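Novice: Mind having a look at this structure? Questions to follow.
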Amino acid sequence: MGTRRRGKWDDERHVSSEPLLPPSDPEEAQSDAGNIALLFLLYLLQGIPLGLTAAVPMILLNRGASYKQQAEFSFVYWPFSLKLLWAPIVDSRFVARFGRRKSWLIPTQYLLALFMLFLSTCVDSLLGEGSPNVPLITAVFFCLNFLAATQDIAVDGWALTMLKRSNVGHASTCNSVGQTAGYLLGYVLFMALESAEFCNSYLRSQPEPHGIITLAGFLYNWGIVFLVTTTIVAIFKTEKKGDGEVEHDMGLVESYKLLWSIIKLPSIRTTICILLTCRIGFAANDAVTGLKLVERGVPKETLALIAIPLVPLQMILPLLVSKYTAGPRPMDVYLKAIPYRYFATFLSLCDMNLVENF
């Protein structure tokens, strides 16, 4: 029997058994507390457009939009799925004196602020009553999410140099917790405060026919928040290299060549195939169930509030499964969970059919 030749990947795999990152020191984490708080804030701001985007389908349903139009609006989520395509541009084109990440972060957040302020002046006319302009609404929120995805690229890169090397692991926690908090503010808080029924039941002594805030007002307020926080970061936060790390300044062509070489790796191709196909069985159920419940009389603010108990689970579950995802087969947990997800989808469809028949 023949023996397999040892390649460079076999050699590299056995070079060192040391962890890629040193263990986090509580004292060093405390010294990075300000940077961790800033990262949390930036990721929270990133979650606001995502939350608002999730709220729009509920508003469109109330304004008479069809399921076909809802499907058209779903294109607004594509920027976060395709941001890999322009990430090399963000990484390789910058003004060195201003900062590698700030060159993109500051303009992008200012554009987000201006976009929200402008949208607050015309969103009511775009939504309309009975005839929402879905193509234009889709284009507007697509641009909003494109800017948020670009901000995400810049913040992810800045986290690697903003934090000390032993604290880089906290960046993913800031990402998941901050983005979830921003999503809650943009979706749950907005849906609750926009609902006259919720406000009259829990926040008012005298009932009124409208909520405390409108979509236009919500966009305007967050536009001001984006302007203020971006100005503070631009003036008071300087960008520096982290712990003696030297960033490689590759050109645009070299960056795309490196990206293509990574995509060609067998493990990456397998991962891409899995991620492109795994949601086929339950994507429609996930997208339509909430809309069907609203059609059947479930208040949209109640549907939004259901997400609140899931937040602790979203924060704790990654910590519980992290010991199973670290190692040579990190996708095992994900792949083993997919059949159970399909089974849950089947039960959900059976419930929906029962509701339709009664």
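The backbone N, Cα and C atoms fix where each Cβ goes, and this holds for glycine too.
Predicted automatically and left uncurated, TrEMBL annotations should be read as such.
Small disclaimer: the values here were computed from a predicted structure and weren't measured.
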Novice: Do you know which of 176-193, 302-319 TrEMBL annotates as transmembrane segment?
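Specialist: That would be 176-193, the stretch labelled transmembrane segment in TrEMBL.
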Novice: Do the transmembrane segment (110-128) and the transmembrane segment (213-237) come together with 3 or more C-beta pairs under 8 Å, pairs six or more apart in sequence?
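Specialist: The answer is yes, given that the two segments have at least 3 Cβ pairs within the 8 Å cut-off.
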Novice: Give me the stretch from 36-61, 73-90, 134-155 with the greatest number of Cβ pairs under 8 Å to the transmembrane segment (213-237).
Specialist: 36-61
Novice: Do any residues of this chain, six or more beyond the ends of the transmembrane segment (36-61), have a C-beta under 8 angstroms from a C-beta of it, and if so which?
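Specialist: That would be 29, 69-70, 73, 76-77, 80, 105, 109, 112, 127, 132, 134, 137, 141, 144-145, 147-148, 151-152, 155, 159, 162-163, 167, 170-171, 174-175, 177-188, 190-191, 215, 218-219, 222, 225-226, 229, 233, 237, 290-291, 294-295, 300, 303-304.
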